[in-house]
Amino acid sequence: MSNPNYKIPIKEWIVSERPRELLLSKGPEHLPDAKLLAIILRTGNKEETAEDLARRLLNTFGGFTGLYRASVEELLQIKGMGKAKAAQVKAALEIGKRFLQNETVEEARITTPEDAIEYAARYFSSMLMNEGKEHFWILLLDRKNRPIKHVEISVGSSIQTTVDPKEILKQVSLTSAQALILIHNHPSGDPSPSREDVAVTKQLKQACELVGAQLLDHIIVGKNQHVSLAREKLI
């Protein structure tokens, strides 16, 4: 007697329909989200294929952003997700995040608030605008105002984060940075600077001047919006 819930394993699908073979023949950019995630999951179970499980995960958490923010414990509550699959998913998403963090603009120079906003929009918007907690970053620049690297300094709550000036000065020293830009997000989606944002920025600017580094700007990332404290003349 056949099992009505039995799903044909992906390895028995027509070759042209298998996620991995599709990626190899057409390229990853042509695969829908569920097929990409199915490649990470590798296997399903007797009741659903890896692609079915992938689609259910994406629907449950609202896409890759929600999946990234989900904890391992939350993933394990999903039927069909064991520790190995949860680890595979979290590792793959973390790799994507780190790629965005480490990518830099070749020969880019940041000399105006508009340059700073453009950089933040390109490298931080997708990463920070849907975060549920405040993340505080610094972008370190060389003597020609070209990006050296960006570093996450702290992660706080949904309404604030604590910044240690010593950690920022340490990064300035390690990279011999001549200038820097502060970047953090407002989980509420409203990038309007608070009094605390302005006060902390001024304190950090004074601290940086003590070691010969210039704090050029502080960019606040909101929901598809950015505010430059330098452009608003708040520094």
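Glycine residues also receive a Cβ, built from the backbone N, Cα and C atoms like all the rest.
Among the candidates Asp164, Asp197, the one that Swiss-Prot lists alongside His184, His186 as binding Zn(2+) is Asp197. Secondary structure at His186 (Zn(2+) binding site), taken from DSSP and collapsed to helix, strand or coil, is coil. Classification of Asp197 (Zn(2+) binding site) by DSSP places it within a helix. Take the mean position of the Cβ atoms of His184, His186, Asp197, the recorded Zn(2+) site; other residues of that chain with a Cβ within 8 Å of it are Glu134, Asn185, Pro191, Pro193, Ser194, Ile220, Val221.
In this model, the domain 'MPN' (109-235) carries an average pLDDT of 90. Within 10 Å of the C-beta of His186 (Zn(2+) binding site) we count 24 further C-beta atoms, all protein chains included.
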